[in-house]
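Here's the structure, in structure tokens; my notes come after.
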Amino acid sequence: MELQSEREEGGRGGEGGRGGEAGGEAVRGGEGGEAVRGGEGGRGGEAGRGGEAGRGQKSGMKRTHEEEEDEEVSPKKLVTDHSVKVASHYNRLQEVGLAARSRSRIFFMRNFNNWLKSVLIGEVLERVRGAGSRQVSVLDLGCGKGGDLLKWRRGGINHIVCADIAAVSVEQCESRYDDMKKKSHVNEKIFSAQFITADCSKEVLSEKLDDPEQLFDICSCQFVYHYSFESEQKADMMLRNACERLKPGGFFVGTTPDSYELVKRLEASDSLSFGNEVFKVSFQSKGAYPLFGCQYHFSLEEVVDVPEFLVYFPLFVHMAKRYNMRLVLKQRFSEFFEEKVKKEQHRSLMMKMMALEPFPCETGGRQATDSRGEYSHAKEHCGRAPLGTLSRSEWEATSIYLVFVFQKMS
Ligand SMILES: C[S@@+](CC[C@H](N)C(=O)[O-])C[C@H]1O[C@@H](n2cnc3c(N)ncnc32)[C@H](O)[C@@H]1O
């Protein structure tokens, strides 16, 4: 399947700095060659893969599941349900036009994240079609304002169910879908859709489906799953919703912060937080990291400001087995990028989506006034980055994430 670029329609989008809602993907000409990533953040991240951070975290995870369950029913825990905070945060987020987005400090990072999701979605659709599925149905779990609708349209799917806890986001997602349908070509058949407002870590989605027999080829859960790791019950319900209606051979794909990377950076910090001018992660303590409910606060340049929870990946994989799911791929964004950028089709999509900042930038811009070394990594690289670059701060922010793909066993 050929991946195509996505163009913002009507300057919509703007919720998830993490890329989801960016939507606005402008088109520009491309040239082949090498991209330069954003320096130390990326390099540091790689060094931590499965290394010190992993050990530190495991040794800190002293509590058993039983202890976690006990804690879950304590009165204190019952009043601190963070789903409400998360929902109201995302409900409050305003739609931002393309012009405002392009002025954002994280414009390229959002495009980069969007590119990464496009590649992931494109490849999983290829696998589904390769296995013989003609009518493709998708569950977008934590769909937000519908930043991925265009990706599904390009992928030629037949049906989508979009679910999110934030009612305002679901409304915006639905009206985005309606606009898409209105503006489509007469002979283009746009997929059918159902929109559900639900806390997917508490409610059973299958009971809300229009078609009670509905099965999915793909569940896509982009930048969402970590919210459910507040408790074992919530993480399990989110997994159940993701997987129970998947067809045998179907895929559960997503993006989420890499807990090893977060803990590694926290342990390396003199304080309880780390970050830079575009993002900040703050923990309440360090040294011990409970399996569930290990909360940190995440803020990202004008877009995200919410409590989130560490997802201890081996536990995620273990829990997924209950739903007959096996892990097919787990890759940090840096690794995924390095692998995919080798392919011409992904590189050209990257150029079209402006997923990297041109370097050197002809008009100067942020690079001309770079006194903080935001582009020193690119300058060191012969002063040129043919594919482009991300600023150091943007790279440090995006390199905390990983991509996962699970497949349902027959
Ligand atoms: C960072 S946004 C990502 C949105 C979208 N997946 C994307 O990539 O554009 C996270 C989304 O997860 C949703 N979310 C968080 N907790 C949820 C829950 N328990 N049930 C359903 N949605 C949830 C939020 O409302 C928000 O829309």
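Cβ atoms are placed via backbone N, Cα and C, with glycine included.
In TrEMBL this protein carries:
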COMPBIAS  1-12  compositional bias 'Basic and acidic residues'
REGION    1-80  region 'Disordered'
COMPBIAS  13-54  compositional bias 'Gly residues'
DOMAIN    104-409  domain 'MRNA cap 0 methyltransferase'
BINDING   ASN113, ASN114  mRNA binding site
BINDING   LYS117, GLY142, ASP164, ASP199, GLN222, TYR227  S-adenosyl-L-methionine binding site
SITE      LYS145  site 'mRNA cap binding'
SITE      LYS151  site 'mRNA cap binding'
SITE      ARG176  site 'mRNA cap binding'
SITE      HIS226  site 'mRNA cap binding'
SITE      GLU308  site 'mRNA cap binding'
SITE      TYR401  site 'mRNA cap binding'
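With GLY142 (S-adenosyl-L-methionine binding site) as the anchor, the candidate recorded positions are ASN114, LYS151, ARG176, HIS226, TYR401, and the one with the nearest CA is HIS226.
Neighbours of HIS226 (site 'mRNA cap binding') among the recorded positions ASN114, LYS117, GLU308, defined as a Cα within 10 Å of its Cα, are GLU308. Rounded to a whole number, the C-alpha distance linking ASN113 (mRNA binding site) with ARG176 (site 'mRNA cap binding') is 20 angstrom. The most densely surrounded of the recorded positions ASP164, ASP199, GLU308, judged by C-beta neighbours within 10 angstroms, is ASP164. Checking the recorded positions ASN114, LYS145, GLN222, TYR227, GLU308, TYR401 for a CB within less than 6 Å of any atom of ligand 1 leaves GLN222, TYR227, listed in sequence order. Within 10 Å of the Cβ of TYR227 (S-adenosyl-L-methionine binding site) there are 27 other Cβ atoms, across all protein chains. When the CA atoms are compared, no recorded sites among the candidates LYS145, ARG176, GLU308, TYR401 lie within 10 A of LYS117 (S-adenosyl-L-methionine binding site). Measuring Cα to Cα from ARG176 (site 'mRNA cap binding'), the recorded positions that fall within 10 Å are LYS145, out of ASN114, LYS145, LYS151, ASP164, ASP199, TYR401. If you take the CA of LYS145 (site 'mRNA cap binding') and look 10 A around it, the binding-site residues you hit from ASN114, ASP164, GLN222, TYR227 are ASP164. For GLN222 (S-adenosyl-L-methionine binding site) paired with LYS151 (site 'mRNA cap binding'), the C-alpha to C-alpha distance reads 13 Å. Taking CA atoms as the reference points, TYR401 (site 'mRNA cap binding') and TYR227 (S-adenosyl-L-methionine binding site) are 14 Å apart. Put simply, GLU308 is the one of the recorded positions ASN114, LYS151, GLU308 whose Cα lies nearest to the Cα of ASP199 (S-adenosyl-L-methionine binding site).
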